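For GLY52, GLU53, SER54, ARG116, ILE145, ARG146, the entry in Swiss-Prot reads L-glutamine binding site. The feature active site, nucleophile is assigned by Swiss-Prot to CYS84. Marked as active site, charge relay system by Swiss-Prot on the basis of sequence analysis: HIS181, GLU183.
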Amino acid sequence: MKVGVIAYQGSFEEHAIQLKRAMSKLNLTGEVIAVKKPKDVDLIDGVVIPGGESTTIGIIAEKLGVLDEIKAKINAGLPVLGTCAGAIMLAKDVSDAKVGKKSQPLIGTMDIQVVRNYYGRQRESFETDLDFRVIGGGKARVVFIRAPIIKRTWNDATALISFENGIVMAEQKNMLATTFHPELSESTIVHEYFLSKIKK
């Protein structure tokens, strides 16, 4: 199993560590690959789009030709986990809590509406416990950093976990989106669940 993590900016190392921990817990043999060029996408069985600045990630990925390559692979069934900025990249509908609709390069494969910077400056970063029973876990502490929120889902996209009147984890076929940072959690449940989607 080869899992790619888009590695232009954001928490590549943290995701790599969590993926390796999750592989170990699930007794899976695999490696984590930094995805920077279109050819890297051909090597992987699943991809993580990490947190960071979604506009920057999108612009770099578009310029290097990775954006279209990943979009085509996701549409063909490649499992993907988008976290925070990665969830924004996956969304078909994106707006900003302050400035409304925002134009930026997106992958745009998931039937979710995401609002950037949802929690505002008062709560730029915070931690809370979420219940992961729906994906086979228990309660786990998670970190939100200038987090977006998933306002709604449609078609066969479904809300998995909600918090404070918004969706913080959603799923649609081979796509998984979280508005928190599972790579900064002690728990590996989100990465384990993602790896189980690759294994199928």
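Easy rule for this one: first residue shown is 1, then count along the chain.
Heads up, the Cβ atoms here are built off N, Cα and C, so glycines get one too.
A sphere of 10 angstroms centred on the C-beta of HIS181 (active site, charge relay system) encloses 25 other C-beta atoms. Looking only at the binding-site residues ARG116, ARG146, the densest Cβ neighbourhood within 10 Å occurs at ARG116.
Counting neighbouring Cβ atoms within 10 Å of each of the recorded positions (GLY52, CYS84, ILE145, GLU183), the lowest count belongs to ILE145.
When secondary structure is read from DSSP and collapsed to three states, ILE145 (L-glutamine binding site) falls in the strand class. For the pair HIS181 (active site, charge relay system) and CYS84 (active site, nucleophile), the C-alpha distance works out to 6 angstrom. Distance from the CA of CYS84 (active site, nucleophile) to the CA of ARG146 (L-glutamine binding site) is 9 Å. The residue listed as 'active site, nucleophile' sits 8 Å from GLY52 (L-glutamine binding site), taking the Cα positions as reference. Look at GLY52 (L-glutamine binding site): DSSP puts it in coil.
Taking the Cα atom of each, ILE145 (L-glutamine binding site) and GLU183 (active site, charge relay system) are about 12 angstrom apart.
Secondary structure from DSSP puts CYS84 (active site, nucleophile) in coil.
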